[in-house]
Amino acid sequence: MKPEFTLGPSPTERLNRARADLRMGVPVVLDGYGLAVAIESLSPERLAALGALGPLTLVLTARRAQTLKARVYDEDIARIAVPKDADLGWLRALADPADDLRVPMKGPLQAERGGDPGFARAAIRLAKSAQLLPAALIVALPHSAPPDLTTITVQDALQAADIPQAFGPVSAARVPLRAAEAGRLHIFRPDDGSEEHYAIEIGQPDRSKPVLARLHSACFTGDVLGSLKCDCGPQLDAALTRMGHEGAGVLLYLNQEGRGIGLANKMRAYSLQDQGFDTVEANHRLGFEDDERDFRIGAALLKKLGFGAVRLLTNNPAKVAMLQANGIDVTERVPLKVGMSRHNAGYLATKAAKSGHIL
Ligand SMILES: Nc1nc2c(ncn2[C@@H]2O[C@H](COP(=O)(O)OP(=O)(O)OP(=O)(O)O)[C@@H](O)[C@H]2O)c(=O)[nH]1
Ligand SMILES: [Zn+2]
């Protein structure tokens, strides 16, 4: 390996830099193609500077484009030509569905087709993985990129989710819990320094037998605030209590807030739900899929902790299937039905009808 590569960032480390740049509103260079910025963090000054480089293209997901009645020529994404006189307000209204019902007609939108959609697709992937609204502005670069911008390849951006992450356990300590006094919290950090995930080990589970386990996705509103809009808080408590009663178990607390779209986008989804859309429709209007979580992280962490087989506390068959597909034997699905209320009856019914959850 060349010394400059050993000292400099690897492709995955560059990707993490690119995410931070997009969150700040700084353009990222897609090598050999051009510049990409996220609409959510774009400033008027940067928009003007990008416009001076050449014709701009707005990239949306196919989900968002369908809501806007724009043509989708590239399967999962749509490329929209940005008119010369378009301002930031125009771009934001297309990216953010907050005002869709108040201002329904945003067109006519001219969709671009042909050529290589890889550049546009990479920009959307980056915005999504930065937990911003999935909408990006791209511009081709005729010459070399300005100095000091993070450069990544389209291929690396497209494969970002598939690059296996190595997780180092960082630290662990005893934490006696209300639900179980014999608690131990382990902190895991991916090698690229991205989001940390936690494991709460109850007792001293026997690694040679299937362990009572839960993959819990972070829900600030439910877990911390006691929101009645979902069942997450009571599920977290019930899972730990059950592990306490059995004397052994492991709960992975995965920082995949809002089924992977982040808390800011989840609140956007909640606003749409107040306008009458259900949890799945709200995700789609924002431009996301129903569920953007990567459950492979859970499988990797279980293996790291020495577990190969689990009795999984969940109502979600997709979690069982993902663990099985990633080398963890699920010997039993243990239902976890708690926390139903009049506020979340519709939410739970939608998950059963559209996402395969078992009510
Ligand atoms: N995008 C979005 N995320 C939500 C919403 N309500 C809860 N969440 C998130 O959904 C995740 C919990 O997922 P659930 O679908 O409730 O449950 P599950 O983890 O798939 O399945 P179980 O194991 O049965 O609980 C957490 O990350 C919550 O933050 C919502 O309306 N929209
Ligand atoms: Zn929740």
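Each residue, glycine too, has its Cβ placed from N, Cα and C.
What TrEMBL records for 173-335 is domain 'GTP cyclohydrolase II'.
According to TrEMBL, the feature GTP binding site maps to Arg214, Leu215, His216, Ser217, Ala218, Gln235, Glu257, Gly258, Arg259, Thr279, Thr314, Lys319. DSSP assigns Glu257 (GTP binding site) to a helix.
For Cys219, Cys230, Cys232, the entry in TrEMBL reads Zn(2+) binding site. Counting every protein chain shown, the number of other Cβ atoms lying within 10 Å of the Cβ of Cys230 (Zn(2+) binding site) is 20.
DSSP assigns Asp291 (active site, proton acceptor) to coil, not to a helix or a strand. All protein chains shown were included, and the count of other CB atoms within 10 Å of the CB of Asp291 (active site, proton acceptor) stands at 18. Look at TrEMBL and you will find Asp291 tagged as active site, proton acceptor.
Taking Cβ-Cβ distances under 8 Å and a sequence separation of 6 or more, the neighbours of Arg293 (active site, nucleophile) in its chain are Ser217, Leu254, Gln256, Arg259, Gly260. Per TrEMBL, the feature active site, nucleophile maps to Arg293.
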Mean per-residue pLDDT computed across the domain 'GTP cyclohydrolase II' (173-335): 97
Those binding-site residues listed as Arg214, His216, and which of them has the most Cβ atoms within 10 Å of its own Cβ: Arg214
Rounded Cα-Cα span from Glu257 (GTP binding site) to Cys219 (Zn(2+) binding site), Å: 5
In three-state DSSP terms, the structure that Cys232 (Zn(2+) binding site) belongs to: helix
Listed recorded positions with Cβ under 6 Å from ligand 2, out of Arg214, Ala218, Cys230, Arg259, Arg293, Thr314: Cys230
DSSP three-state assignment (helix, strand or coil) for Cys219 (Zn(2+) binding site): coil
Check: same-chain CB within 8 A of Zn(2+) site center, minus Cys219, Cys230, Cys232: Ser217, Thr221, Gly222, Asp223, Ser227, Lys229, Asp231, Gly233, Gln235
